[in-house]
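Below is one structure, written out as structure tokens, with a few remarks after it.
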Amino acid sequence: MVFRVLQTDGDARVGKLTCHHGIIETPAFIPVGTYGVVKSVTSQEVAESGAQIILSNTFHLWLRPGLEIIKIHQNLHKFMNWMGPIITDSGGFQVFSLNKLRKITESGVYFKDPVNGSTIFLTPEKSMDIQYHLGSDIVLVFDECVSYPSTWEYIKNSVEISLNWAERSRLHFDKLHNSNMLFAIIQGGMYEELRNRSAQELINIKFDGYAIGGLSVGETPQERFRIVSYVCKIIPFDKPRYLMGVGKPQDLIEAVCLGVDMFDCVIPTRNARNGYLFTNNGVVRIRNAKYESDLDPIEEDCDCYTCQRYYSRSYLHYLDRCNESLGIRLNTIHNLRYYQRLMEEIRQSIRMKKLRKFVEAFNYKFNSVSTNNYLSNI
């Protein structure tokens, strides 16, 4: 497993991350398939969108279908018929999202099973075991994603627990002789001192890549990108930087300018299910009445299946009003492709040293305003 930075434009980078199941060109956007499926579409349709890697969730796959079923198929790739790389969240996000159903200890986390209500116990070692059997190309350490806002004292204690869990994850990952990649997750809330503490200790332990966690949980964009900028300056240049859970198009561009290489988010698929379709000229809210008789495709120059087969805005509006599953599928295909086209254009702009021009054109079209004057980074 190798990561190489191939070109830079300011702090933005184009890189190549080589995994067992394929090569990922970065910056890369990762569609979310929490339960081993990107909602509404097939694995082939995800691949046709240009996606290079999928994110799935360790915790939920452990509960359903369970490891025994996945072992029958050998790994998660064969289970979901996706032959590209897979990254799996360790279960740490569920420490945040299921906060009313869990109890944190230094040993691990007790959860109430959201399916049947039974008590289950997840530890760093167990998370590494599960991800090993899933066959994840990129494994994430077990951590706590802290809610926002939280006190300095709470986050400081959480960082220490997560550092302990990261070290245990590293030791058990190595004990399994897992030949895939192990990424650490830098926590610390909105406090630079705690982010620095987390990052420096994780760098000392040594990991294949570093994720920036604990963001997009309610903080302002200004706070978010202040932390992203700060942490990217600490992560070693030769390691991939992964910003978790952030995915608005303008946020991706800003983070790329700050030096981020990878992203995941549910926005393209969730918004598709709610009739929000992304284009180079802004968002089309397909359920609006003005599209009832609109014969145009979602976007004239889009090369996705939905636009190329000329499914009209009028038809998609009708499907949305009728709550037809075909509409969700066609919307999702378009949004997934939009995100991959955006990343392709970003990578090409970096290669040509024209990222500033690309960003200025994007901001003009979207009437988008920088939160931190990030153009100074390119």
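Glycine is treated like the rest: Cβ placed from N, Cα and C.
The following features are taken from Swiss-Prot:
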type	residues	note
BINDING	ASP89, SER90, GLY91, GLY92, PHE93, ASP143, GLN187, GLY214	substrate binding site
ACT_SITE	ASP89	active site, proton acceptor
REGION	245-251	region 'RNA binding'
ACT_SITE	ASP264	active site, nucleophile
REGION	269-273	region 'RNA binding'
BINDING	CYS302, CYS304, CYS307, HIS334	Zn(2+) binding site
Among all the protein chains here, how many other CB atoms are within 10 A of the CB of ASP264 (active site, nucleophile)?
23
Starting from the Zn(2+) site formed by CYS302, CYS304, CYS307, HIS334, give every other residue of that chain whose CB sits within 8 Å of the mean position of their CB atoms, in sequence order.
PRO297, ILE298, GLU299, ASP303, TYR305, THR306, GLN308, ILE333, ARG337, TYR338
For CYS307 (Zn(2+) binding site), the one of ASP89, ASP143, GLN187, GLY214 that lies nearest, given that the binding-site residues are compared by Cα:
ASP89
Length of the line joining the Cα atoms of CYS302 (Zn(2+) binding site) and ASP264 (active site, nucleophile), in Å:
22
Please list, in sequence order, the residues in the chain of GLY214 (substrate binding site) that are at least six apart in sequence and whose C-beta is under 8 Å away from its C-beta.
CYS145, VAL146, TYR148, GLN187, GLY188, GLY189
Residue pair SER90 (substrate binding site), ASP264 (active site, nucleophile) - Cα distance, angstrom, rounded:
14
Rounded to a whole number, how many Å is the Cα of CYS304 (Zn(2+) binding site) away from the Cα of PHE93 (substrate binding site)?
32
Give the helix, strand or coil assignment DSSP yields for the residue listed as 'active site, nucleophile'.
strand
